[in-house]
């Protein structure tokens, strides 16, 4: 996929077990994984591939059994330009919370920590976990006292929509905000459309997170 132009290359290399050519052909396919059932979702590399493609880039992979793997991500280089004063800062005051309680379910550690920190530092009280079962345990322990349920669509133990169905049976007035890198049937996108709950597309920035969270909290049931 290499092409002419100025590109930035990000190279990541490990010294792990490597992959054979058969496995390499499938690594960017959604839900493909070599891990045991219940460990990971098989969406990580496919999400990365989609993001890179959206930014007019490409990925090259080299892997040898017993030697490790190298990923090279190429992205278009953008010339620097002066930032106007009015563009330099975007006020997020209007989107800050006032102590609302949010149950956050996200199995990706980096995404979960970014989201939890972003919400906590902007006025929200966050209870974070990695699986649907952990979320149900917290929900029961706190007697459903949450203003918003913020969940990924693909979790290690069940879909985010399945988790939502369970919570809505217990507390029908619950407000939901779903997030994912995909909008397809496997992820439960059709169910979200039926419900009409807000959706946060991954990857997202802090302003995206705060704006969509505020929107979800204002939704009328």
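Note: Cβ is positioned from N, Cα and C throughout, glycine not excepted.
Here TrEMBL flags 1-79 as domain 'Histidine kinase'.
What TrEMBL lists as domain 'Response regulatory' is 101-217. Mean predicted confidence for the domain 'Response regulatory' (101-217): the pLDDT average there is 93.
Residue 152 (4-aspartylphosphate) falls within a strand segment according to DSSP. All protein chains considered, the CB of residue 152 (4-aspartylphosphate) has 28 other CB atoms within 10 Å. For 152, the entry in TrEMBL reads 4-aspartylphosphate.
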